[in-house]
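Q: As annotated in Swiss-Prot:
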| type | residues | note |
| --- | --- | --- |
| DOMAIN | 4-167 | domain 'EngA-type G 1' |
| BINDING | 10-17, 57-61, 119-122 | GTP 1 binding site |
| DOMAIN | 176-351 | domain 'EngA-type G 2' |
| BINDING | 182-189, 229-233, 294-297 | GTP 2 binding site |
| DOMAIN | 352-436 | domain 'KH-like' |
């Protein structure tokens, strides 16, 4: 189930970023910061009491016509579109302004739950000034102070009351759910259409558990699939394609509901830094991963080109050394038929469960081949191992001292497990635990 999304929206200079930093920095324990955009403090993930959520800080909405103000307004509207709950931020010192009323009009159209926050209410005497904000039409205003951190608990409690209820997904365990992620214009939608047009067996379009998600089920060779995508990722136009930071949120939502993630690259344009960041999201999720090089038809090539491109991928994506690479062209449909078998393979690997006795035979053979490391005269001793989870395969290795498990030896053990059991396209987790 994807995490709920809160967007903080308001005119300039009402303290949105201050409240954002308060929420993610103090009153909420951070779960993770999204790489590549945290330096702008745009988007973070955290939890409040028993609720995990993602939170977006937007630029101030301004009614001016200057190009940069228009872009800020467009980006804020994208954030509103993504949000499950909107915190409408105002400034208690200024009272209700014409700009607040303009923001309110935008929020009315969103049809989203709105929590009205009146910032800069820094002492109890100022609370009597908040009642004018009822005129905005969003019910009870919540007085808060970004400077002193006052009132944030009540504000987040109210926001959490509007989080979507958890729904059960309507797909059985045998259905493989996969998503396509990548920067704009790498051909994700074209690849979806190539797959669906090729198979001609679309069952229906089913709205997913999130408002934006569109699940497209289809079947091939008695195997059911669901392509998980978001409507926003397929839209064309400057508003969506110019707001790259918010496309990250759509990708994360799709990843969270997937068994397999396809990281789509542009073979014609090559690899850029944003590709690495997006691939990092897939790796960190623990899902099975396939790297897809699209637009291969447009690449001038000889017998060495594919190998050279693959080596370049491995050099840039060292953390995805387990992910198979598929070269294809959505436009010409060349090699698209090779994709589903690879999806099947990595999905199966993602769910492999190894018998404990077989696992320990492999671990002990590995130790015999490469003795465990020592540190300050103490040697790591491995007693036994057991698998505790699948999706991804996760193993607990019981040892005498967890500090002696060097990352390089852990990597060696992972490589031996891959050699023994395959694990194509799936990360492996090893947890060292001291034996009682």
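Even glycines carry a Cβ here, placed using N, Cα and C.
Can you tell me where each of these features sits in the structure?
A: Mean pLDDT of the predicted structure over the domain 'EngA-type G 2' (176-351): 80.
All protein chains shown were included, and the count of other CB atoms within 10 Å of the CB of residue 182 (GTP 2 binding site) stands at 24.
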Q: Suppose we draw a 10 Å sphere around the Cβ of residue 185 (GTP 2 binding site). How many other Cβ atoms does it contain, all chains included?
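A: 13, counting other Cβ atoms within 10 Å of residue 185 (GTP 2 binding site).
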Q: Counting other Cβ atoms within 10 Å of each residue's Cβ, which of the binding-site residues 13, 58 comes out lowest?
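A: Result for the binding-site residues 13, 58: minimum number of other Cβ atoms within 10 Å at 13.
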Q: Going by Cα-Cα distance, pick out whichever of the binding-site residues 10, 13, 16, 58 is nearest to residue 182 (GTP 2 binding site).
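A: Closest recorded candidate to residue 182 (GTP 2 binding site) by Cα: 58.
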Q: Translate the DSSP assignment of residue 188 (GTP 2 binding site) into the three-state scheme.
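A: Assignment for residue 188 (GTP 2 binding site) reads helix.
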Q: Out of 185, 188, 296, point to the one nearest residue 10 (GTP 1 binding site) in space (Cα versus Cα); all of them are binding-site residues in the record.
A: 185
Q: On a C-alpha basis, identify the one among 13, 16, 58, 121 that is nearest to residue 188 (GTP 2 binding site); the candidates are the binding-site residues.
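A: Nearest by Cα distance to residue 188 (GTP 2 binding site): 58.
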